[in-house]
């Protein structure tokens, strides 16, 4: 069996090194040049480079069109190597890079199957870099899942859909499935039902809109008729995609998304650390760590232990001693320790908001761990202690860009435009025109890589933000300037961006004359085409109605089918009422978890505190819910603080119904700090409270 696996691996590596006939060049490569006199080694090297081109495949969700045909590439053209080259002039370096990537990709997949932590996978792939090799991650993820249970298969399909466009570029997904289908004969040697399983994966990718339907026919034309790959494609097409209600059948083939997530493990880590702080029993803590059976997730233990040590000064020595001994006995390996510290360094800016001295405390932790020999400080990122004003404007813009992505992604999940407005008010204040333009640019850029729902949501949000027209115009100017580059990844950028531009005019976010002003600015040929297309759309008969309905309208749904943000708030209200009347704590926690919106848990906190203020006779039961949600890790300290902050902002409105609401809220703040689930730095300033709605 082991010998077969080795032969299979050697054969797959040989296949991967061959020229990829699906590679798409965005340039027209001439085939009229005479055949160069090159030796076989040079030809193989060029083919090897070309097989790693990041531009193969049909690269965008919602952009698959019949006009996107594969461009024939002349591999003998002397210009080919310079145009499509991947920068690997040294074949030895190339092989070493790919070999290293394969090892790390396998570890990441194994860890994901153990923890089900999508965020961790995304972060690790970003840290790993080498985006041109991510097709191999797609191939490895699917091939490893094929030989496992339905749970892992569903996890793999869900991960690909989640990482699509944000982490793994569309061409790499396309190319990864190309490699899988090509190697179907080899996969069938060790996996008896490989044809059927891989057919489901291909069908699922098409249903999830991460592969174009044209993938099937194009691959069939490239494979031998008697190959297993052709069987896979035919089965995907005829048995799965041609069936009635095929989308529902394919999505439920492996049972749908599993309820178990990394949050369960994080909750247990929280519990074992708190129990250790109280008891000081290292043996019991070590037993609990072993019992988790997630060695690839031990960096989370390091991270949470360090944060707890920052928050609880009296427990610092105990927690650092636990990490030290766990490392010395080999329970937590050095890689996981380094990764845990690195994650804290990445979070230090946010931590500093709640723990002002977080940076200096972390520096002390690093120095202590390095001096005691259980941390290699040289492998960590630099922890700058300079908080001066150098490059302040660029720094603000870069920080804001990261926050914009988070805000927009949360909006695409929740559909809560009011939450976005609130976040922008907090982040921007009296911000410059530049930052508002950055927000609009990223909103539209992220929407263009997604489905119609998100595109419609972006338009709805843009019309509700009430930004000055000059800022929106500036954002579109930046989008148009970069249209040439965007076209490399999104072949229908002209149509998408033109529709956004026309929609902005219809929604009166921009004036028609703004299009002329944009056209008068120096730009690219693609940019000019965008503006001309937008003008054509606006001139058409009944253009307003057509443009408004282009993406379906009303894109304010959450990921939970049929739920709007208002409905989620109503669900929170109902679960609190049922809990207060019935007292079933476990059921209440389950309902909070099943909301599937951890970034929205501040609403649970807010409504709970409001209920405590309004219903004094039921307050102990609600206090217990807040405490259990925090201690189990269901509600984070950030969401808890945010919830209390929301109540503080709306306390003036509460006073209309509860005259002594301010005093009661202050008592809630004091008690929450005593109970340990509200940060000591939280302060309520009555004068600064806003008049936002309480419920």
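Glycine residues also receive a Cβ, built from the backbone N, Cα and C atoms like all the rest.
A TrEMBL annotation is a machine prediction, not a hand-curated record.
Straight from TrEMBL, the features:
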COMPBIAS  1-12  compositional bias 'Low complexity'
COMPBIAS  21-36  compositional bias 'Low complexity'
DOMAIN    100-221  domain 'MI'
DOMAIN    264-385  domain 'MI'
DOMAIN    399-520  domain 'MI'
DOMAIN    567-688  domain 'MI'
REGION    1-36  region 'Disordered'
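Helix first, then strand, then coil: DSSP counts for the domain 'MI' (567-688) stand at 96 helix, 0 strand, 26 coil. Applying DSSP to the domain 'MI' (399-520) sorts its residues as follows: 101 helix, 0 strand, 21 coil.
Within the domain 'MI' (264-385), the DSSP-based counts of helix, strand and coil residues read 99 helix, 0 strand, 23 coil.
Taken through DSSP, the domain 'MI' (100-221) splits into 99 helix, 2 strand, 21 coil.
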